[in-house]
């Protein structure tokens with residue numbers, strides 16, 4: 001028997017969370033790209049025999065996997081403590097012990113671009129990712145879904161002949177389109193974009209409305225919508241790239257897809273970024289921000305933060321907003337500079353702000369919500385969460 005584990009080609013991943021949603025034991029975490037490597041450390045430390053090593057045959061080869069016997073589990077947590085990659089956890093929701101791979105291969109089957117494999121047993125050809133060298137480029141992978149169009153803060157993207165077209169005279173190269181593209185078809189500055197986190201809150205089909213025309217099945221670029229021939233209905237996946245081509249093509253509006261996107265990342269991996277969305281800590285960070293660039297939504301328990309994309313500086317007709325520089329720890333960072341005496345309160349900056357942090361205000365400071373990179377918030381975050389990063393300067 002051999003120890004084989006699931007592998008994911010990280011650089012090609014769409015971050016659609018389909019594999020994570022499909023995994024019955026929560027052995028995949030896409031945000032951190034952690035996958036159970038079947039090291040069997042959890043089995044070794046389990047004091048009750050609830051976790052056992054088991055032999056399974058896959059494609060004629062004998063492999064080892066972890067089996068969980070819930071009736072023996074005392075929820076002691078020793079397995080989670082022993083896990084070297086931190087994917088194992090124990091809680092009160094069944095199955096109590098999670099994060100071990102059972103080699104069910106559901107993740108392999110559901111991946112829309114076939115980048116998940118079981119090396120030596122189920123091999124998928126490695127996808128070569130070669131970002132175009134242009135400042136910004138839309139590749140042939142574009143499916144014409146239009147998800148990028150409303151996300152652009154300066155309205156530089158249109159759809160022409162079912163493909164995204166970028167007006168380079170308007171584009172500010174903030175990379176929000178690349179971060180948001182469901183099918184990895186947009187690249188900025190020749191780099192593979194860091195994708196925005198995505199949560200499919202709801203993906204349902206109305207059985208009474210569905211006429212079984214299968215147009216949604218045909219249009220799905222990843223073949224992720226399945227057919228129930230017996231009941232004459234389609235079955236959407238638990239999670240997917242969420243391009244909404246299926247929703248748009250449905251002639252009877254039978255599909256309901258609700259998606260929540262996280263805030264965009266900074267233009268590069270450098271700058272002030274939220275590492276962990278700890279609402280209470282971030283709320284304290286917001287309280288010290290001199291320009292109120294961290295906005296707290298108490299109702300939704302969400303926090304938005306200026307990402308210094310520069311969209312406001314491009315939209316400003318008076319020159320009141322500029323993209324400046326500031327040095328921290330010997331390194332130069334972008335920041336937003338505001339000259340109140342030049343501001344005529346036209347509100348154009350507010351309209352284009354992708355994070356919706358900018359807002360007009362009365363008094364000596366007519367505009368709030370832009371980041372000056374003073375790092376007061378970072379000081380609070382480090383004080384409140386010792387040993388655990390909530391904010392980070394990269």
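Glycine is no exception: its Cβ is also placed from the backbone N, Cα and C atoms.
Per Swiss-Prot, these features apply:
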BINDING   13, 16, 19, 23, 36, 39, 42, 46, 73, 76, 79, 83, 101, 104, 107, 111, 142, 145, 148, 152, 171, 174, 177, 181, 210, 213, 216, 220, 240, 243, 246, 250, 306, 309, 312, 316, 343, 346, 349, 353  [4Fe-4S] cluster binding site
DOMAIN    4-33  domain '4Fe-4S ferredoxin-type 1'
DOMAIN    26-56  domain '4Fe-4S ferredoxin-type 2'
DOMAIN    64-93  domain '4Fe-4S ferredoxin-type 3'
DOMAIN    92-121  domain '4Fe-4S ferredoxin-type 4'
DOMAIN    133-162  domain '4Fe-4S ferredoxin-type 5'
DOMAIN    162-191  domain '4Fe-4S ferredoxin-type 6'
DOMAIN    201-230  domain '4Fe-4S ferredoxin-type 7'
DOMAIN    231-260  domain '4Fe-4S ferredoxin-type 8'
DOMAIN    292-326  domain '4Fe-4S ferredoxin-type 9'
DOMAIN    334-363  domain '4Fe-4S ferredoxin-type 10'
**Q.** Cβ-based contact of the domain '4Fe-4S ferredoxin-type 9' (292-326) with the domain '4Fe-4S ferredoxin-type 8' (231-260), 3 or more pairs under 8 Å
**A.** no
Q: Please compare the binding-site residues 13, 111, 213, 246, 316 by how many other CB atoms fall within 10 Å of each one's CB, and tell me which has the fewest.
A: 213
**Q.** Tally of residues which DSSP labels helix, strand or coil - the domain '4Fe-4S ferredoxin-type 5' (133-162)
**A.** 4 helix, 6 strand, 20 coil
Q. If you count the other Cβ atoms within 10 Å of each Cβ, which of the binding-site residues 39, 79 comes out on top?
A. 79
Q.
What's the number of neighbouring CB atoms sitting within 10 A of the CB on residue 171 ([4Fe-4S] cluster binding site)?
A. 17
Q.
So if I exclude everything within five residues of the ends of the domain '4Fe-4S ferredoxin-type 10' (334-363), which remaining residues of that chain have a CB under 8 angstroms from its CBs? That is, six or more out.
A. 151, 153-155, 174, 176, 263-264, 267, 271, 291-295, 304-326, 369-373
Q: Determine which recorded stretch among 4-33, 64-93, 133-162 has the most C-beta pairs below 8 angstroms with the domain '4Fe-4S ferredoxin-type 8' (231-260).
A: 4-33
Q | the domain '4Fe-4S ferredoxin-type 3' (64-93) vs the domain '4Fe-4S ferredoxin-type 7' (201-230): 3 or more CB pairs under 8 Å | A | no
**Q.** Reduced DSSP assignment, residue 79 ([4Fe-4S] cluster binding site)
**A.** helix
